[in-house]
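These notes concern the structure reproduced below.
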Amino acid sequence: MATYKVKVATGTDLLSGTTDSISLTIVGTQGESDKQRLNHFGRDFATGAVDEYTVQCQQDLGELIIIRLHKERHSFLPKNPWYCNYVQICAPNGRVYHFPAYQWMDGYETLALREATAKTTADDSLPILLEHRQEEIRAKQDFYHWRVFVPGLPNYIHIPSYRPPVRRHRNPNRPEWNGYIPGFPILINIKATKFLNSNLRFSFVKTASFFFRLGPMSLAFKVRGLVDCKRSWKRLKDIKKIFPGNKSVISEYVAEHWAEDSFFGYQYLNGINPGLIRRCTRLPDKFPVTDCMVAPFLGEGTCLQAELEKGNIYLADYRILEGIPTVELNGRKQHHCAPLCLLHLNPEGNMMPIAIQLSQTPGPDCPIFLPSDSEWDWLLAKTWVRYAEFYSHEGISHLLESHLIGEAFCLALLRHLPMCHPLYKLLIPHTRYTVQINSIGRALLLNEGGLSARGMSLGLEGFAEVMVRALSELTYDSLYMPNDFVERGVQDLPGYYYRDDCLAVWDALERYVTEIITYYYPNDAAVEGDPELQSWVQEIFKECLLGRESSGFPTCLRTVPELIRYVTIVMYTCSARHAAVNTGQLEYTSWMPNFPSSMRNPPMQAKGLTTLETFMDTLPDVKTTCIVLLVLWTLSREPDDKRPLGHFPDIHFVEEAPRRSMEAFRQRLAQISHDIRQRNKCLPVPYYYLDPVLIENSISI
């Protein structure tokens, strides 16, 4: 007889435990045990429990390679889901085998788990192991399917039982919407999450906190009458009353300094959309700024051409927004533009706006606005640029380049890499909850009756068109951050804390990835000869980039350095890239004039006509403001059930080398966090969005 001591760990999230019957089969190189029920007197498999059992076998099973967990009905009790963290088995010779699960078993089923040592296909020689990995991939591909979201955007996970919501009118005088949160007219279709596989859904704690957080706030807006008010804001200071109890140092600074040119320029470096500006060495023909226009703002003893040659002139070009039609909001036609903004890095190190054109086509009806124009002309011109920033940020930097691309990375990973694959173990922490939050996002943002239809000048189709255009221009090199800064000419721009922190985090990620990759892939042939890796890369190219060769995304990887770069891009996109554009959303947007989602008057065609009254009448009305800000408030709150970058509580790697690499990664991140906090003590506006403590492993909010 051979005795095996078994530990079974149940998840710690509420409702992880089960009352169903759990049995175990152990498979080794020398044989297979009988199916044995794991049962003690009293409760087994309670939430957070680590239950211990003894399994007797007729013979020593040799090296343990696979176990099977059988979940079956227990007596008369109803079916009860179970979240298994792992199974650990101590063999008669004292060796401990770890079998990671970290997944739900919803029904009566059998789950086969491999021993935790990471292996590529080339590392497996036993037919049973090769068959297991092939069967796992086949089962996941049968379960997870791609679906077209919007033609021209990355495809996403197909949820067979989910149908887009529809508007229903039970009473023609009182329209009702399926799925409203009480008291707030933004539809959240909770069905979008109900039919997700349990392993993709939020934990109970995160689900409850997400919806209970939004409900009371929306009801408060309703009680105060804000979401039913279609009039203009009477006074700018009234906008502060939207979130009277949710203030921070930065949100207060934004409200006080939003109209200042220096803060306007600062946001291009360290705001929530810091990846747009580029150094300008030659003015484009469509932006006919002359030296006499801007000379007063450049300082003495210089001129526009000299500043261009010195590298002190920068351009923000919103051409991607050109020509998109607008919609009506609350019975009023909305307006749109695609501005250009010229900025100057002055001797004091401040980035200052010096010229703004509100169209891509110059002409008599499209004046170039300057800081010397009237106060309200110049302020409204800057506000139009901030309006364009809303779409550049929310549509491109935030939703497309982190959420949608991150989900495509995640789904391709699930479909092509088995749990024993080293890349699966490396990347799975960076996919946690991404599909769930994106499902909510589609219900909030890109559904009939959602945010884009009710709070944005461009509406549903226009907002999607912005992202479609952006994806058609997205390149592989632009996601490789060290290259992006050089390509935009901002690699030595002073005061660019976003760049400094980004490169520090990137370096830590790249070093960590390099250590893991080189441990499992000793040479280029190992990379090129990994069919699961190649299938993963090919599917990302096909389903995320839609097969567009001009993107520069690889369709295969042939060398170790290529693999390191690719995996670092994936990991950064799914963690730090999202943190940089998400964490500060409410701080920079709660003061609505700094980030308007709609404009109710057309762009100015002549100077000297703007007044306080016309400025207020151009801004979004009260209802539109509240709809947008409530959603941004919800999606930018500190995430619950959070796992900061580098914290990997799920034990996927068991080998000593990757475990050492994980600890070294955490230490590097801790040093980066310390350096950022020391620097911020001396800054009037601290920049902390890439502090590793605040970066989550995955896109989960």
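Every residue, even glycine, has its Cβ placed from backbone N, Cα and C.
Now, the feature entries from TrEMBL:
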DOMAIN    2-119  domain 'PLAT'
BINDING   GLY17  Ca(2+) binding site
SITE      TRP104  site 'Essential for stabilizing binding to COTL1'
DOMAIN    119-701  domain 'Lipoxygenase'
BINDING   HIS398, HIS403, HIS578, ILE701  Fe cation binding site
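Known features from TrEMBL, placed on the structure.
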residue: GLY17; record: Ca(2+) binding site; contacts (Cβ under 8 Å, 6+ apart): THR10, ARG43, PHE45, ALA46, THR47, GLY48, ALA49, TRP82
residue: TRP104; record: site 'Essential for stabilizing binding to COTL1'; contacts (Cβ under 8 Å, 6+ apart): PRO81, TRP82, TYR83, SER198, ASN199
residue: HIS398; record: Fe cation binding site; contacts (Cβ under 8 Å, 6+ apart): HIS578, VAL581, ASN582, GLN585
residue: HIS403; record: Fe cation binding site; contacts (Cβ under 8 Å, 6+ apart): THR434, ILE437, ASN438, GLY441, HIS578, ILE699
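Computed over the domain 'Lipoxygenase' (119-701), the whole-number mean pLDDT of the model equals 89. The residues near the Fe cation site, meaning same-chain residues not in HIS398, HIS403, HIS578, ILE701 whose C-beta sits within 8 angstroms of the mean position of the site's C-beta atoms, are LEU399, SER402, GLY406, ILE437, VAL581, ASN582, LEU635, ILE699, in sequence order. Cβ contacts within 10 Å of ILE701 (Fe cation binding site), excluding its own Cβ and spanning all protein chains shown: 22. Under DSSP, residues within the domain 'PLAT' (2-119) fall into helix, strand and coil as 0 helix, 63 strand, 55 coil.
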